[in-house]
Structures are given as C-alpha cells and as structure tokens.
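What follows is a single structure, written as structure tokens, with notes after it.
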C-alpha cells in the first residue's frame, strides 16, 4: 500500500496519548465526479424543577395546499435533470435557509427562509401543520426541543420565538442582538443562541430565566452544547474558542493566538462522548481539541487548499474556507467540507488524510450517518451525495433542486434526507442503499 504520510494534513502536533483508536489502513484516493446527472440527566436539567418532561402527541392538522408530490421525470430550472424527491414543500416564497427534524419521531420538519417565514410540516406528505408567524427578517435558525414538544425559530435581527407543537401556540419570545446561531440543550427545555455582540445566551423555556456568557466584542459565530449538557463550545469572529461551564457561567478553557484560528470560526462539532471538539474556520484549518484539557491535539489542512495557484496571502481565506465538519461514530475518522468542493476524510489515530473526494461546487454542509462510516454532503450544485468514508467512493446521489442546497437534515434511521434550497423549496428524499 502507498504511504499516507505525504498527503497528511496534520501539523506537527503530539499524538492523542489519552485516546485509543483502532487503526485501519487505506489508500488515499481522489474521486472526481462526473458533472452529469448519554442518557443520565445532567446538573443543569436537575436544577429546573418546573420543567415538564411529559410527552405530548403532535396534532396532525394542516393545510394541503403547502405540498406538492413530485414526478420522477424532471424539473424545469437552471439545474435541469431528474427529480429524485418523494415530497416537495413549496410554501416558501424565497430561499429556504434552514431545516430541522423533530428528534422524537422524525415525522415533522421545521423550515425557515428569506421570506421571513417559518413553517412546521409533515414529512410523509408535506402537509402544513402551522406557520411560526411574526418574524420580520430572514429566518436563519429553526429547531425542535429534545422531546419534540417545542419548536424554536430565530431570525437575523435576533427575534427568537418558541411554539408548543401540539397546541400550535406561541409560548415564548425574546429579542436578542443580531443572531448568529441557535441550538436546543440535548436533554432540557433550554435554548442557547449566539449573537453578533459576542454574547451567548441561555434561556429556560417557557419561563424565560436567562443567563449570558460574555465573549469578546465580536460575533459569536458558531456554537455547540457538549453531549454531557454541562458545557458548550463557542467560536468567535476573532478566531478564539471558548469552552463554557453552563452552570457556573464561566469559561473553562480559552484558545486564542496560535491555539485558536487565524480567522473567523465557521463551524464546531463534538464526537459522541464529548471528549473531542473539531473547529473550522475561514483560515482553511480544522483543529482537533481535547474538551478535557482545552489543548489542540491536531491540525488538519489538505494539500489542495494549502497550494492553490494564483492566490496572494490576503486572498486565500476569501477563496476557500471550512464550511462543515463532523466525527464518525464507529471509526476514528473525521470529515471536513470546504467551500472549494473538497471533502477530506481524516484518520484521527494517525492524524493523516485518508481520502479526498472532489465536488464540482462548494460543500455547504456534511452529516455522518449514525452507526456507519457513510458521510452525506450537500453542495452548491443542488445535489446530495453519499460517500463511503472507508474507501472514499461515491455511493449514490440525489437530485431535484434547481438551485443550491442551503441546509439539510438526516432522519435517525437514515431513511430520509430533507433539503432546503435557493429554489424556494424543501424536498424529502427516500434514501435507498443496496449495502444495507
């Protein structure tokens, strides 16, 4: 087998001494695409005595006019080709920026868009359940609470709203600064958000108890609650990273200077047990951080990014960036998606590049399928692709959008992919894989 060392993108960093990985050698392969067609409740949740964890059934009422069943022959638009989708939700009148599935049943979706609207609708037939009304700016964040009883939407101006799903009634709202990101706590009705003034906010919903975590005087560009529910990692525009104690309200670790990034952070992810954090930035680097020590234990950057021709020092960060990243749950692998269309699969045990898969357009987001080594990507060419991270090979793709895909979500059993696009539509694709 050929050596992986020359293609590895890890910087001179120490090995992961406290972590045990199983090695798995593979040849690095560049795939060129044809342009054709923790269960226990945490301290935070225990503090909230008035939280009701009772499960309630969702109402199944709605408006049939919001859905369109798509034929398989094709669509008319700027990206002509077949439409592989089963259901198209067409009630938005402008680009659809975000989508999230209800985690309890994976039967409902919430989407938000440039039309200042958000909708909760049913995946099986696209039927509208209710509109999350009242936004006056583009809805860029939307998501269900851990038990699917609440749904939150946030717009660019910083207006956040929460609805009770079964009653379809608004139960809470708050106006923060310009919104950068929003996420529910994994085990409690607690909502977190980052804003352009550098603050990270945390509210107990619906009573509104609030705590703020003050960062630097620059936007808190991305954030993620760690699986233990007691900490959150937040990335900032100045390249710094902070790991916050959600109960005490203080930063446990601060990474800045050479430990941080040399440009704004774009994305963060954690592995399944929360021991490792992966951060991405417009500086084209992905940094592997120990959540326990707060130390950088790996830096990844593919050769194709580092050696782009005709780029000056100041132009590189504008030409490319890390757009999305994530950890495989069954192998010591991490995936990093770049704006130039590169999907890089890294081996964490050897800190080397394992595979490089090239897209024709920039990658917008990637997601790992739970329990497998399959990674999904959506890109600016309007296509969803499935990759085998063990071999670097393309398994299949799904088409149907006539503009770029802006967000997507994957059902827990990986049977459905739900996408949103600049073509004003959200689509539901049924995933069929011969290998399972």
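Every residue number used here counts from 1 along the chain in the order it is shown.
Cβ atoms here come from the backbone N, Cα and C positions, even for glycine.
Per TrEMBL, the features are as follows:
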COMPBIAS  40-64  compositional bias 'Acidic residues'
REGION    1-67  region 'Disordered'
REPEAT    89-131  repeat 'WD'
REPEAT    132-173  repeat 'WD'
REPEAT    227-254  repeat 'WD'
REPEAT    258-299  repeat 'WD'
REPEAT    356-397  repeat 'WD'
REPEAT    398-436  repeat 'WD'
### Summary
Long-range CB partners for the repeat 'WD' (132-173) (under 8 A, at least six residues beyond its ends), listed in sequence order, are 53, 55-59, 97-105, 108, 110-120, 179, 181-189, 191, 193, 195, 203, 205-206, 208
### Query
Taking DSSP states H, G and I as helix and E and B as strand, how many residues of the repeat 'WD' (398-436) are helix, strand and coil?
0 helix, 18 strand, 21 coil
### Query
Tally of helix, strand and coil residues over the repeat 'WD' (132-173) according to DSSP?
0 helix, 23 strand, 19 coil
#### Entry: Per-state residue totals over the repeat 'WD' (89-131) - DSSP helix, strand, coil
0 helix, 22 strand, 21 coil
